[in-house]
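To start, the structure itself, in structure tokens.
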Amino acid sequence: MNEEGHGPVGALSGLALRRPRLVLVVWLVLTAALAYNGTQLESHIAPTSIEVPGTRAQAAQDLADAEIGSRGQAPVLLQGPAPAVRAQTARLAARLRADPRNTVLSAFDKGAPPQLRPAGGAVVLVERPTDETFGPEVADAVQPVVDAVVRPPVRASVTGFSAIGSAISDASVEQAHEAEKLAVPILLLVLLLVFRSPLGAAIPAVLGGATVASALGVADLVARTRDITDVCTPIASMMGLALGVDYSLLMVSRFREARRDGASVDAAAATAAQTAGRTVVVAGATILVTMGVAILLAPGTFLQSAAVGAAAAAVVGVLSALTAVPAALVLVGGHLERLRFGRAPADGGGLWGGLAAGLLRRPVLTALPAVAVLGALAVPGVGLDAGPPDVRVLPPDAPVRTDAERVVRALGPGWSAPLEVIAVDRRATLDTPAGRRALGVLRAGLVDDRDVALVLGPRPVGRSTLLTVVPRSGPNDPATAGLYDRVRRAADRLHASTGADARVGGVAAQLTDYRRAFNARLPWLVAALSAVAFAALVLVLRALLLPLVAVLLNALVVAGSFGVLSLLSTGSDPLLGGAGFADALSLLALLSLIFGLSLDYQIFILTRLRENWLRSGDVGTAIRSAIVRTGPVIMGAAAIMSGVFLAFMTPDLQTIRQTGAGLVATVLLAASAVCLIALPAALRLAGPAAFWIPAWLDRLLPVVDLEGDGAAAEPAAGVSAPRPTATGAADAAGRWSGQLLVGPEHEGPPGRADGTVLPSALHHIFLELAADHGHGQAIDVETRITHRAPLRIDRDVHIEAWCSRHDGPWRTLEATVRDGPITIAHAETTVYVLNGGAGRSSRDA
């Protein structure tokens, strides 16, 4: 067989089927190497960043970095008896000033504002250069000094975005590992319930664990060359476990299906590699594409880190499914059903047969409840309240959170995220009487603002002048956003009157711009993901209406999943805990994951629907077969994924809980409401029009052969499988005459005597003739094929065919297949509908 027709997918699976032991050894060595590399990931994690290129806050930060370097602040609140507070504040300030990199303002310094001396306490404000704008260096430098100096009865609380961001980062990594430990036993239990066979469950379980370890190793390789934040770890763990198990589950399920149909172990493994393997490739590519689109449109580097984790899991999961799974099936597939418990699944009956029958009889009534549930959940999802990170995402007893809450009670909520005004005086105008008056006007206006708690400065640093503005409200409060806008306008007036380059940055400004960028880009991200998904599905399914329905239902799943998040994470006392709003920093990453996962499930059934349609030509038959065959697999995969994601809802960190909850909602809605109800119902209502595509577009699209057609139906390279026996010869004009012997095991396109492959239209005709009149019958075939080189099945093919049985009453069949659909009518009972060379047949009752 011509191996080139298989491409890289066929080459990988073919090697695994020919040399299973070698492939497994290589896979184990690579997995071990990547797993070891993954143990180094934590040491290469970069600080969480909320920078959004192109915003005014980021422009201010870039200006500050260029002029005075990146700097961070940490307020330290000391509380206790007044004499002890005063004495220990002085000692702490002196110890901090001993480090020349620190700039320290103490509550008891001469001229210090009274706001630094709240009742029963005192504040020491520390500013320090940092390598990263939002890095942990300030908190890491200040906290040890505080621990060494402050003693009872005085209590010290260190806050600031440096401390809060560092605590969130550490908690993300730590609690992701804790969730993994809980996910593993859940995974094993669900796999046993799905497969009812220890060995059948073992293959996906091993692949899932290996995918997690390898994905973390791949992420570490990326983290050595670019900034990857802590979100990469939980995303790689969740997606690695889920995708690794799901992709191998799809392969093993297709293998078991082929075995139940009577195929040998080798033939069943080859069938799984050819059909489910291609579905896995498309599903994994969907994850990669959605992540790529999200990176281009989403603000900040946080999503880039999530994308790396998800992409690493998808790549490793696909490669393992194409290599390790077929190799394992060849070696142990014959023993897969040993120690089985419970009843074997019934063919064509039971729950799935009943669902299919009800859906085919009453598609609207069957689908209406599912669509109603999706619509009801989508309503709160449209108005989902989201905001940047908040200290309340940490557990209530986390030291950093308790410190921050003490500071809020004593000083107000704005101290952890102040605004910073920087004015770069390139023309030395600020040090003139007019410039000083302009600075005085700026400061006076800020002091008088109702939303300002404190203004520090102006103070010169080189040729720059700095003012620190502490809001009365927290960084996620609308009042802070309004204050940011007013301070920015005041800075613009300073620039207009003096010519100084005046800009407004700081943590509060960055958080406000991030939130605004999130709200502005979310609709564009959904639209871009939908457009890319539609284009990919058109390419795979070679249809227009079916991909459109799938994308619309996918958007409904996204809205429904966001609705679940809204119900669980918003309000005064949300069930998921946190600040009362969804975390915008991870929400865009979650959106991309939700979109990709939901589309993954639809691809599982869409490819099967197309395969069944091409084989039967009947929409009802295609739907029933797809639901009966893939229903248990899809719901089993959903149960496994849900179990994994539920384990990630147990940590105390809200961002991980939020991600787990959103993904659980996604897989359950996508698998049940969409894949097995709404999507087949829409196909039933649309009928054959769902698979229509204009001839001109069909010619333009490259052929992507998935399941059951063309090369996809051929055995993998290097694996022997029965082929039709052909005798005859082709003349110079391409006319071939001879006999073809066919049987039920011949799933591939028949070969011509000269070694080429006949278009699949003739193959379907041959199989129908053999099925109707007994297997093993000889059929006379005379064919003329003309085409544009190279031959493209389903395109650019002109066929003239005459087929008849030697000794039967069949009359001659004639057809010319060009671009559009054409019917080959037989005088007795069979009608063949051909569309651009792709054969379909249906009974003419």
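For all residues, glycine too, the Cβ spot is worked out from N, Cα and C.
Note that TrEMBL annotation is computational and uncurated.
Keep in mind that this is a model prediction, so the values were computed, not measured.
Which of 361-379, 551-569 counts as transmembrane segment depends on TrEMBL, and there it is 551-569. Between the transmembrane segment (308-333) and the transmembrane segment (524-545), the number of CB pairs under 8 angstroms, six or more residues apart, is fewer than three, so the stretches are not in contact. Per-stretch counts of Cβ pairs under 8 Å to the transmembrane segment (551-569) identify 660-683 as the leading one among 280-302, 524-545, 581-606, 626-648, 660-683. Residues 179, 238, 242, 355-356, 359, 363-364, 366-367, 370-371, 373-374, 377, 546, 549-550, 553-554, 556-558, 560-562, 564-565, 568-569, 576, 590, 593-594, 597-598, 600-602, 604-606, 609, 619, 622-623, 626-627, 631, 634-635, 637-638, 641-642, 645-649, 690 of the same chain, all 6+ positions outside the transmembrane segment (660-683), place their C-beta atoms under 8 angstroms from a C-beta of that stretch. Among residues of the same chain six or more beyond the transmembrane segment (280-302), those with a C-beta under 8 A of the stretch's C-beta atoms are 9, 48-52, 55, 227, 229, 231, 239, 243, 247, 250-251, 310-311, 313-315, 317-318, 321-322, 514, 517-518, 521, 524-525, 528-529, 532-533, 536, 540, 585-586, 588-589, 591-593, 595-597, 599-600, 603-604, 607, 704, 706. Sequence-distant contacts of the transmembrane segment (524-545), counting only residues of its own chain at least 6 positions beyond either end whose CB sits under 8 Å from a CB of the stretch, comprise 282, 285-286, 289-290, 293-294, 296-298, 551, 554-555, 558, 588, 591-592, 595, 599, 603, 606-607, 610, 686, 689-694, 697-698, 701-702, 704, 706, 794.
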